[in-house]
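Asker: Before we start, here is the structure in question, set down as structure tokens.
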Amino acid sequence: MALIMEPVSKWSPSQVVDWMKGLDDCLQQYIKNFEREKISGDQLLRITHQELEDLGVSRIGHQELILEAVDLLCALNYGLETENLKTLSHKLNASAKNLQNFITGRRRSGHYDGRTSRKLPNDFLTSVVDLIGAAKSLLAWLDRSPFAAVTDYSVTRNNVIQLCLELTTIVQQDCTVYETENKILHVCKTLSGVCDHIISLSSDPLVSQSAHLEVIQLANIKPSEGLGMYIKSTYDGLHVITGTTENSPADRCKKIHAGDEVIQVNHQTVVGWQLKNLVNALREDPSGVILTLKKRPQSMLTSAPALLKNMRWKPLALQPLIPRSPTSSVATPSSTISTPTKRDSSALQDLYIPPPPAEPYIPRDEKGNLPCEDLRGHMVGKPVHKGSESPNSFLDQEYRKRFNIVEEDTVLYCYEYEKGRSSSQGRRESTPTYGKLRPISMPVEYNWVGDYEDPNKMKRDSRRENSLLRYMSNEKIAQEEYMFQRNSKKDTGKKSKKKGDKSNSPTHYSLLPSLQMDALRQDIMGTPVPETTLYHTFQQSSLQHKSKKKNKGPIAGKSKRRISCKDLGRGDCEGWLWKKKDAKSYFSQKWKKYWFVLKDASLYWYINEEDEKAEGFISLPEFKIDRASECRKKYAFKACHPKIKSFYFAAEHLDDMNRWLNRINMLTAGYAERERIKQEQDYWSESDKEEADTPSTPKQDSPPPPYDTYPRPPSMSCASPYVEAKHSRLSSTETSQSQSSHEEFRQEVTGSSAVSPIRKTASQRRSWQDLIETPLTSSGLHYLQTLPLEDSVFSDSAAISPEHRRQSTLPTQKCHLQDHYGPYPLAESERMQVLNGNGGKPRSFTLPRDSGFNHCCLNAPVSACDPQDDVQPPEVEEEEEEEEEEGEAAGENIGEKSESREEKLGDSLQDLYRALEQASLSPLGEHRISTKMEYKLSFIKRCNDPVMNEKLHRLRILKSTLKAREGEVAIIDKVLDNPDLTSKEFQQWKQMYLDLFLDICQNTTSNDPLSISSEVDVITSSLAHTHSYIETHV
């Protein structure tokens, strides 16, 4: 180290001053004080808060900025030669065990009281901060090349981050000290296990090698060329190179690689500096620059190994076979990995990084204009990039006003490979890729050119932003479907077969070699690629507002489930697993065994290994994978999505479950962000042919079913921005959602041939998330469509006037559903009596538990029940008594109605059980105790008029609030009216009613919301800073 750079401890006061000039702007005011006191390098490394206070740095924030930069110098000065992944793991392991010992020692003391819920002591929080600091040092290594490209280390990094975030959440939870300590002990034991795993891999040279410094000189730099480096700066002042431009000075020297850390520029230490000051230092000498780089260990002892020599690697087909390190075989059983060669294909695909563009940054003249050649390119219509105007780039801030480039509006260029490219042409030297702009800030982990862009995809992308769910299951229609729907389904089935002919292979192209992607493109497109390279440009911000036309084509209609298990090939992980089925019947089997195949971040399941079609699949990057502790079945895990649904799986043994979780996390680590951008396939698809029964209430241990079967008119199928009908290719933007008209609704009701029966089936299915996110009516309450569509489909629209149809559930369709079903009985009671003059009675407007029971009672006279006549639970609280009074007031406005209800019971045991459940009776005929949800629904059932319901609801709120305030006033009057009040009595009263006293103080004093902050928020923000950075190109 002494031969390369002078140790920081040997710095003179002038060198300390020179280093401080590159720190944050707010610290420049203190340079004179440091210069006056002649602070040397050794004093700088040992400086404390008190010494900074003596130097005039009084603000805590400024002190922290200086100390953070000094910590980086300490790590450079003392830990460079000894710091490696193994020692960092030892430090984290020691911190975790120290925290465990601290908790154990506290419990052994005689003054320990674990039942209290007071805040944790400062020494406890200090140990937590030390633990997270040790974790950050380890993450700084795992988050960079070459460790970031190895799946085993990537999974370890994600686990450490998750545990640290969990630790920060635990210390700020409101629970007893004993419970908090137990949770922290569990996290510490898990962290120790992770560290032991890393330490056990001591045979891997990546674990035991230390970082080293290397001096690189770049000369003969043209003024218009630049250095050709992409530099990422973390929040605390570490500058990491993320890539180089091809044929640039940085690329030609063959010594600068992704993951290198810039330590010095022209022998001036820049650790802790601002990015703009680093850029100015690089531009200081136009003829050349001398860089001192800190290089991470590679797979060999040299600083430029073959596999990681440069980030523009050759395609995998041209690379020599290199023996894998033992780390990958530890976490991945060989029996579950596809092994066409001796190396792990999935790991090499994660390591593969395609060539970056040659000129992502075009220097402009002093006026900010592009060169003349580029202007000529614009004149002839060539796709010319705008340079490296990354939203994170400091260098481009002065030009942002001219081009208005923000993160959403960044123009991306995608290109297709030339036809008939041979293997020799795939090399970087012979095929320079000029004119391509890397996405935003060039993340080195992902393939930025490898995705096939279909021309029709541009039209489909506008839908993708607003419709999360693309549901494409080819489920069978229930036998209650009408004949014209069956006939239409046959025609649709023939078309779907033609569309699915070409979907016999997975359609994930990210992180694939260029030659393989070329072959896949030619196989799928079936048309010759033009001789010249094709360019497609699109803007991300315009995806939400562009095409609204219906898209057609073979790619748009294909389903990923139409691939046999044999054609899918050997997956990255496969085996038998249990899958939890949606509870469609009370007595149905909840779990079923399937053959699962994990392939390219997608999970397929088949009935057996020879099945010709997958029963379902999930695109895993869109789902969160975790243990399913809420299920009673052993070794269960789940794939959940907050907007779609959750899938539950279970393995036979604990090892199998861990193997599946590890493999899924490994494969989805590199896919997550990319799949979120390019997701043109479906998130999931599943066959429902074995479950055509009506749904029933699931057991207590199972989560709520993902959808219900309440029928609704077709116009409601796109009401939610998150749900789209099956096989529907119509746009789901806000504009198209609001364009439904009364004529279209009448046309759908009368059975127009243009309406797809599959869409009608999908319109009868609503997810629980859809129910939650259903827009409110003008009165603020949810009113759900509950009547079967069959009545409306076969009713004579001419015989019943639109005034007799039921009112709406959603604001955008209120007039349509009101015309279809008739008005409320409160406003149109006489007309309803004329309409039902044959002895029939108005419909019930309460929400049924199951629409399948309506099918059974389809031919029975439909009656309207008074909402007050439902079986009500006993009122045991004053709040329920208020509801009863309000319900009686509502009954006076509604008027007299018939109390009889005539329903024809179904023949099946299930329908009988559902009828008993609706009547709040047990199977033995005894009254069943109502649940909290039924208590809540009982109030909504009081009145069918939403306006009246809103008034009653508001009255109930006001009464409850008034009663609570009266009680508080009585408590306050008890103190104020006491003429003999003493200080002791007042202190006792204040302790007894502490919450009330704090409310009074809070209302009398104005609080600044910015002043309310938690101590642990600092810990969370410091951990989050590990991943916050800005990036530029020089």
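Each residue, glycine too, has its Cβ placed from N, Cα and C.
According to Swiss-Prot, the record shows the following:
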type	residues	note
DOMAIN	11-76	domain 'SAM'
MOD_RES	Ser12	phosphoserine
DOMAIN	84-178	domain 'CRIC'
DOMAIN	215-297	domain 'PDZ'
COMPBIAS	324-340	compositional bias 'Low complexity'
MOD_RES	Ser338	phosphoserine
MOD_RES	Ser390	phosphoserine
DOMAIN	570-669	domain 'PH'
MOD_RES	Tyr683	phosphotyrosine
COMPBIAS	683-693	compositional bias 'Acidic residues'
MOD_RES	Ser685	phosphoserine
MOD_RES	Ser687	phosphoserine
COMPBIAS	730-740	compositional bias 'Low complexity'
MOD_RES	Ser756	phosphoserine
MOD_RES	Ser767	phosphoserine
COMPBIAS	875-889	compositional bias 'Acidic residues'
COMPBIAS	894-905	compositional bias 'Basic and acidic residues'
MOD_RES	Ser908	phosphoserine
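What's the neighbourhood like for these features in this structure?
Answerer: Model confidence over the domain 'SAM' (11-76) is summarised by a mean pLDDT of 92.
For Ser12 (phosphoserine), the number of other Cβ atoms no farther than 10 Å from its own Cβ, over all displayed protein chains, is 12.
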Asker: Do at least three CB pairs under 8 A connect the domain 'SAM' (11-76) and the domain 'PH' (570-669), leaving out pairs fewer than 6 apart in sequence?
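Answerer: Since fewer than 3 Cβ pairs under 8 Å link them, the domain 'PH' (570-669) and the domain 'SAM' (11-76) do not come into contact.
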Asker: Far apart in sequence but close in space: which same-chain residues, 6 or more away, have a Cβ under 8 Å from Ser908 (phosphoserine)?
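Answerer: Listed in sequence order, there are none.
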Asker: On the three-state reduction of DSSP, what should I expect for Ser908 (phosphoserine)?
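Answerer: In the DSSP reduction, Ser908 (phosphoserine) maps to coil.
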